[in-house]
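This report refers to the structure that appears directly beneath it.
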Amino acid sequence: MGVANDSSPEYQWMSPHRLSDTVILGDCLYFNNIMSQLDLHQNWAPSVRLLNYFKNFNKETLLKIEENDYINSSFFQQKDKRFYPINDDFYHISTGGYGIVFKIDNYVVKFVFEATKLYSPMETTAEFTVPKFLYNNLKGDEKKLIVCAWAMGLNYKLTFLHTLYKRVLHMLLLLIQTMDGQELSLRYSSKVFLKAFNERKDSIKFVKLLSHFYPAVINSNINVINYFNRMFHFFEHEKRTNYEYERGNIIIFPLALYSADKVDTELAIKLGFKSLVQYIKFIFLQMSLLYIKIYELPCCDNFLHADLKPDNILLFDSNEPIIIHLKNKKFVFNERIKSALNDFDFSQVAGIINKKIKNNFKVEHNWYYDFHFFVHTLLKTYPEIEKDIEFSTALEEFIMCTKTDCDKYRLKVSILHPISFLEKFIMRDIFSDWINGRN
């Protein structure tokens, strides 16, 4: 019997470091460093006391605060040029359907609420185990095109996040009502609140008020003002009406430069590309080579990411050429950045079972499912592709679909093209800038 290690499918079932009913996978030092900066047990006084607190303020007292010179620039939205993280805090950068993401220093920390009644903690580890397994088994530079988490904590009590969200929501509600001279109430209409918040969030006067009230009312090193509307949509979504925000996972990643979808023409040129379309070819080619190399591994021809799209591809600095050999060709990337696949939450490979994906798919799929979805999302994100007739025409070979076999860009039928389809595709002159080191 072989010894299970992190390059084997059995790695996900090993018994790692345990803390009571929690489990840590990966580097405990990284994980404990982050956890030491979080207060998972922070509580606040009942909301009625917060309401009574705001009764001490009116338009005139708020105006005096606005006239104050002090401003905490970390309460601007992060896309605002005035934003600056002046504190060593956790800054909210994204909330999607499956996770709430913060950055602190050079780390990214992702909190994922898990449906504990459907899955055991060890059945929710794909986001850590799949990329780690692939990284340890791939032999060439293609392994650099994968984002591996540094650590993952399973089955942690995450109720503090929902409690924090509610506290900030109530603070914003009462602050806006006071600014407008309205009667104070914790009742709200989602549409009315979001409109009022979005109208004010970029105002320097509003940021001055947040600079005063956030430390006084929230008193937390977790700043959720940035992209708060995304967090609002997550917690207020009707499908989570009866959701128990109890337990879940905490995952720690390296901090990327950008996600691939954030690159526009100006940034593409700044990064060294001749055009935005050349940049798109670059990320498409690197992802293609990664998939081809994965499918070369023994027993890995069942690999699925299940969510291959531009915002799940991250960009990192690349300090040396990336060279990937395929048959008699050599692909050389001298760019100062590299793309890397992230977010393996719904992925599967070899013998690593992922019940989440198993429950979602009714028919068999392979790499083509991912690239069909990838091309659809590329064309939606970057309409500029259409200007390159040769490239856009070639990409259409991946999306020969109809409404009966494709729903929201995802295949509903089983189309199992061999990986050789992708191999032949990237040998075309479309990618000549990188073939045999021509760039």
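Just so you know, glycine gets a Cβ as well, placed from its N, Cα and C.
Lifted from Swiss-Prot, the feature list:
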DOMAIN    87-439  domain 'Protein kinase'
BINDING   ILE93, SER94, THR95, GLY96, GLY97, TYR98, GLY99, ILE100, VAL101, LYS117  ATP binding site
ACT_SITE  ASP307  active site, proton acceptor
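Shown here: features listed in Swiss-Prot, placed on the structure.
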{"residue": "ILE93", "record": "ATP binding site", "Cβ within 10 Å": "18"}
{"residue": "THR95", "record": "ATP binding site", "Cβ within 10 Å": "22"}
{"residue": "GLY97", "record": "ATP binding site", "Cβ within 10 Å": "9"}
{"residue": "GLY99", "record": "ATP binding site", "Cβ within 10 Å": "18"}
{"residue": "VAL101", "record": "ATP binding site", "Cβ within 10 Å": "20"}
{"residue": "ASP307", "record": "active site, proton acceptor", "Cβ within 10 Å": "21"}
Mean predicted confidence [pLDDT] for the domain 'Protein kinase' (87-439): 95
Integer Cα-Cα distance in angstrom, THR95 (ATP binding site) to the residue listed as 'active site, proton acceptor': 16
Helix, strand or coil at VAL101 (ATP binding site) [DSSP, three-state]: strand
For ATP, whose listed binding residues are ILE93, SER94, THR95, GLY96, GLY97, TYR98, GLY99, ILE100, VAL101, LYS117, the greatest C-alpha pairwise distance in Å: 29
